[in-house]
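Please read the structure below before turning to the comments.
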Amino acid sequence: MTNFYKVFLAVFILVCCNISHAAVSFIGSTENDVGPSQSSYSRTHAMDNLPFVYNTGYNIGYQNANVWRISGGFCVGLDGKVDLPVVGSLDGQSIYGLTEEVGLLIWMGDTNYSRGTAMSGNSWENVFSGWCVGNYVSTQGLSVHVRPVILKRNSSAQYSVQKTSIGSIRMRPYNGSSAGSVQTTVNFSLNPFTLNDTVTSCRLLTPSAVNVSLAAISAGQLPSSGDEVVAGTTSLKLQCDAGVTVWATLTDATTPSNRSDILTLTGASTATGVGLRIYKNTDSTPLKFGPDSPVKGNENQWQLSTGTETSPSVRLYVKYVNTGEGINPGTVNGISTFTFSYQ
């Protein structure tokens with residue numbers, strides 16, 4: 001009788017200890033701060049290289065490996081959502097607005113920053129596909145990290161951002177797992193910080209107003225529509241800080257909306273059937289006119305130098321062109337402005 005009892009007890013214990021149930025509990029905090037408080041970050045960049053991402057060299061973020069305790073085959077993934085307004089994009093990733101001058105790039109995911117998902121838009125999205133714990137106890141964590149973005153310059157070169165709510169991450173049970181009444185969503189706020197912004201630029205060595213005397217020609221030198229003759233030339237020279245790439249835009253001062261490659265003649269001109277084109281250096285394609293703006297990516301903006309040149313220059317050639325409307329001799333006057341963008 002005694003031996004039978006011992007065998008029965010051993011079998012009962014074996015069966016008992018192999019029974020497990022998927023379970024989850026919340027062990028984190030519902031409200032979390034991203035980044036150290038009252039931090040100050042400093043960077044130097046070309047004046048018009050905007051938007052400019054402040055890569056501080058380390059992660060401004062929050063990570064916690066122990067937010068939910070899971071066991072018994074529980075399956076969990078993560079979804080993330082950003083509540084800030086989308087004010088632009090960079091390489092397919094949303095730029096979220098903090099102030100008129102400062103934005104954020106945001107990543108959300110599991111505990112490891114390097115696996116974070118670049119956030120876009122304002123809808124919930126999968127930021128961690130998930131996993132299923134075995135017959136043991138483990139934890140599920142999360143992380144959020146950000147990079148500030150300068151959107152526009154200000155006169156003080158300093159930008160202050162107050163504490164701001166960013167968004168949320170929620171735990172997503174799957175494969176039959178259920179969270180029940182367990183807290184599934186945690187929220188994040190960005191701690192206040194200051195950006196100290198030093199910009200580099202160039203100085204124009206050429207006079208800001210350049211008069212190009214146009215050579216006198218005869219109508220016979222432009223017999224057909226599209227024919228061209230060199231009328232004059234000039235150069236633009238600058239002195240630049242190291243690392244600045246210069247871009248430029250020519251604008252038709254008489255017709256600012258002109259986006260063609262033929263400069264509008266002023267009202268003082270008496271010749272008809274002829275226009276002016278401008279070429280740079282040895283290019284065979286004329287420059288097109290664009291808006292009077294230094295903004296990066298401005299329409300018909302063209303590259304004048306690379307970041308390795310500290311004394312860049314460009315030679316401009318002005319050519320008469322037969323516009324195909326029948327040439328009547330007279331005076332030819334045109335005004336173009338040039339706007340530099342320091343990127």
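Backbone N, Cα and C atoms are what each Cβ position is placed from, and that goes for glycine too.
Residues annotated as signal peptide in Swiss-Prot, with similarity to another entry given as evidence: 1-22.
Taken from Swiss-Prot, the feature region 'Receptor-binding lectin domain' covers 23-199.
Per Swiss-Prot, the feature carbohydrate binding site maps to Ala65, Asn66, Asp110, Thr111, Ser138, Thr139, Gln140, Gly141. Taking the Cβ of Ser138 (carbohydrate binding site) as reference, residues of its chain lying under 8 Å away and at least six apart in sequence are, in sequence order, Arg69, Ile70, Ser71.
Secondary structure at Cys132 (disulfide bond), as computed by DSSP, is strand. Annotation comment: Swiss-Prot describes Cys75-Cys132 as disulfide bond.
Residues or ranges marked as region 'Fimbrillin-binding domain' in Swiss-Prot: 200-343.
Positions annotated as region 'Disordered' by Swiss-Prot: 287-307. A Cβ distance under 8 Å defines the sequence-distant neighbours of the region 'Disordered' (287-307), meaning residues of its chain 6+ beyond its ends; these are 46-50, 236, 238, 240, 242-252, 256, 258-261, 263, 277-280, 314, 336-337, 339-343.
Per Swiss-Prot, the feature compositional bias 'Polar residues' maps to 298-307. The compositional bias 'Polar residues' (298-307): residue composition by secondary structure is 0 helix, 2 strand, 8 coil, according to DSSP.
Secondary structure from DSSP puts Asp110 (carbohydrate binding site) in coil. Rounded to a whole value, the Cα-Cα separation of Asp110 (carbohydrate binding site) and Cys75 (disulfide bond) is 14 Å. Counting every protein chain shown, 12 other Cβ atoms lie within 10 Å of the Cβ of Asn66 (carbohydrate binding site). If you take the Cα of Gln140 (carbohydrate binding site) and the Cα of Cys75 (disulfide bond), they are about 10 angstrom apart, rounded to a whole number. Listed in sequence order, the residues of the same chain lying 6 or more apart from Thr139 (carbohydrate binding site) and placing their CB within less than 8 Å of its CB are Ile27, Ala65, Asn66, Val67, Trp68, Arg69, Ile70.
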